[in-house]
Ligand SMILES: C[S@@+](CC[C@H](N)C(=O)[O-])C[C@H]1O[C@@H](n2cnc3c(N)ncnc32)[C@H](O)[C@@H]1O
């Protein structure tokens, strides 16, 4: 049996923080995970749930509070998971993220003497997102916009999302009010009826251009011209209004068909001086200011020469490779999503970059193919998804023997595993820089430089 059961109340010390930002209390060694609780705090906990190895609890009251607690807290942002670290000061968030990198390097890569730089943060760590995807549902009889309560599909109406640009918040409210005025029906997930599922807003950080995407269950929007006219009139920065049709019963936001309702089919923005065309479905880093710091760090780590050949693996729409193309001889980009490669080629063209080549394919298959074709690299940049690199990719890339590998990672655990593998293939970890791409959330981005041990 467990030392506590559901609905018990216990007073406990918070002794740790999970990587998701939940406080950990230990009751006779049995862990209870507690939202909005920080190490060094003493709290009165209501036990919500117990399981085999751990349970969950909720704070009823704080008996002692942490010195790094942020008291200016919006409960709905924690409840919805929009800003799960909002209860910590920003300084503490940056320290927490750096410690996670130190911990995985110790535990997973068994590297104890690595110098990890302080996390590169933002001067203003809120209102940074350039994109919002907001569900639309009926709440208290009204079409409402907000976010789901954690682990549920109950919409909590929210007007101030805190981490996205204020103009995006204002645009969502304006579109919501127009949809209410035209009596548009919100989507109902239970019986798969109603029309509007999501409102997506994208905004150029530099250009301020805005795109509104109305995601609908069916194609027909009654009075669509008038709705579009009202949005364009009320939001002068809107240069594009799109409709995406998603008739599936699914949690995936976008459906297959996208139509233009007004203006252009894309917005334009910049990253490190290059222009990018961003369409409704394109991947684009959501924190432009920090993306520039991330890419600049990658460029600095690579210490490029004009004779260098660079491979940008997992290149998305080509942003890292295109940002450094003017410093090197040639950039080869590889990416599995065909549309992203199409975007990368468009981006290459509109920036008049000639020394870059992009190819569609899985990195673990394309790299051996390129190797067989005689492509070699002085610098390899990898920016894989959360699962990290395939072992075969690591082997082939080590055989190609680039002098430097710059690894951009969104998951400390997989990057620590991969760094260890590269060490076994004759690379040493030279620099580690965490970058805070998502302030107020538990996401940790890290950039590392691996150098061939014999260089
Ligand atoms: C973290 S994103 C990086 C995107 C880009 N470097 C950037 O900064 O915008 C990872 C990218 O890897 C792509 N990807 C996922 N699995 C892949 C694979 N096996 N081979 C090549 N690309 C892959 C994804 O489509 C995605 O664009």
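A Cβ is built for glycine as well, from the same backbone N, Cα and C atoms used for every other residue.
As recorded in TrEMBL:
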DOMAIN    3-61  domain 'TRAM'
BINDING   285, 314, 335, 383  S-adenosyl-L-methionine binding site
ACT_SITE  410  active site, nucleophile
ACT_SITE  410  active site
Long-range Cβ environment of residue 335 (S-adenosyl-L-methionine binding site), under 8 Å and at least 6 residues apart: 314, 315, 316, 318, 341, 344, 358, 360, 361
Secondary structure content of the domain 'TRAM' (3-61), with strand meaning DSSP E or B: 0 helix, 35 strand, 24 coil
Other same-chain residues whose Cβ falls within 8 Å of the Cβ centroid of 285, 314, 335, 383, the recorded S-adenosyl-L-methionine site, in sequence order: 283, 312, 315, 316, 319, 320, 384, 408
Rounded to the nearest Å - Cα separation of residue 383 (S-adenosyl-L-methionine binding site) and the residue listed as 'active site, nucleophile': 8
